[in-house]
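Residues annotated as transmembrane segment in TrEMBL: 27-48, 60-81, 101-120, 140-158, 197-225, 237-261, 273-292. What TrEMBL lists as domain 'G-protein coupled receptors family 1 profile' is 41-290.
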Amino acid sequence: MDMGNSSLVTEFFLVGLTKYSEIQLPLFFLFLGIYIVTVAGNLGLVTLIGLNSHLHTPMYYFLFNLSFIDLCYSSVITPKLLVNFVSKLNTISYAGCMTQLFFYCFFVSAECYVLTVMAYDRYVAICKPLLYTVTMSPQVCSLLAVIVYVGAFIGAWAHTGCMLRLTFCDANTINHYMCDILPLLELSCTNTHINELVVLIVVGFDVGVPSLTIIISYSFILTSVLRIHSTEGRSKAFSTCSSHIIVVSVFFGSGAFMYLHPSSVLSMDQGKVSTVFYTIVVPMLNPLIYSFRNKEVKVALKESLNRKTFS
């Protein structure tokens, strides 16, 4: 598809996260710090899982994929946001905007699906432990990973393909810090009903199906946990579940809050704050909540540091 023929606009101007110049610099250092933690945490976890053979299990296989997705996901959004804080003229080319939109949609969809697969993995491990090795075999894990990325690609191309069909005439100022779907739809000088329908269908599927699967999985998990006689065992299981549910709630809740509503209900400034949670904060929280509180990860980290020290 020829991008140049689908739009009269050659570049867009990004308004940014806030219009108040006095807080631009503090926000720059705040989000720079978040990005550094995000990159260090996720890259460290990817490296740790890859180098330690005893972490080559289904649970850590999906954690590996989650960290890889979060690393890429954050890198699609945050560097441009940081530039917005220190640059007086925040521009992005039409092709660059559509590319950012595609990868943003791809990684956010992949995050939805991999969180769902992780919940299913925990369901099998806790509720059907005797069948875990067979049910979550390497072949099944690889198939689930393929489904995650293929499903994400289909959703991302649905959004981006529909966006490429629109015409952008004179208005080229995006009231956002990134090329998101709804701010772009506001700028189009052609009918956007099909795009809005695609947003409702794709986002509804990406949020609804994973949310339902996660709720059902954890309902069975909690039922099984309540049958555990050991107080320590129940406490540990509930702690793991609560951490996962918190991250899932923030991620899916902020996404649904941003997209699944009439445009008149939520202002774009409120939408920016919602977007910050699942594009910047959640990728930083995931390695902390899912991994660095895990004893096996801590042991693997200590062993890796010891090997490096004595090598």
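Each residue, glycine too, has its Cβ placed from N, Cα and C.
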Ask   = If we call contact 3 or more Cβ pairs under 8 Å (sequence gap 6 or more), are the transmembrane segment (27-48) and the transmembrane segment (273-292) touching?
value = yes
Sequence-remote partners of the transmembrane segment (273-292) [C-beta within less than 8 Å, at least six residues beyond its ends] = 17, 31, 34-35, 37-38, 41-42, 44-45, 63, 66-67, 70-71, 73-74, 77-78, 81, 104, 108, 111, 176, 178, 180, 243-244, 246-247, 250-251, 254-255, 257-258, 266, 298
Query = If you average the pLDDT over the domain 'G-protein coupled receptors family 1 profile' (41-290), what number do you get?
reply = 85
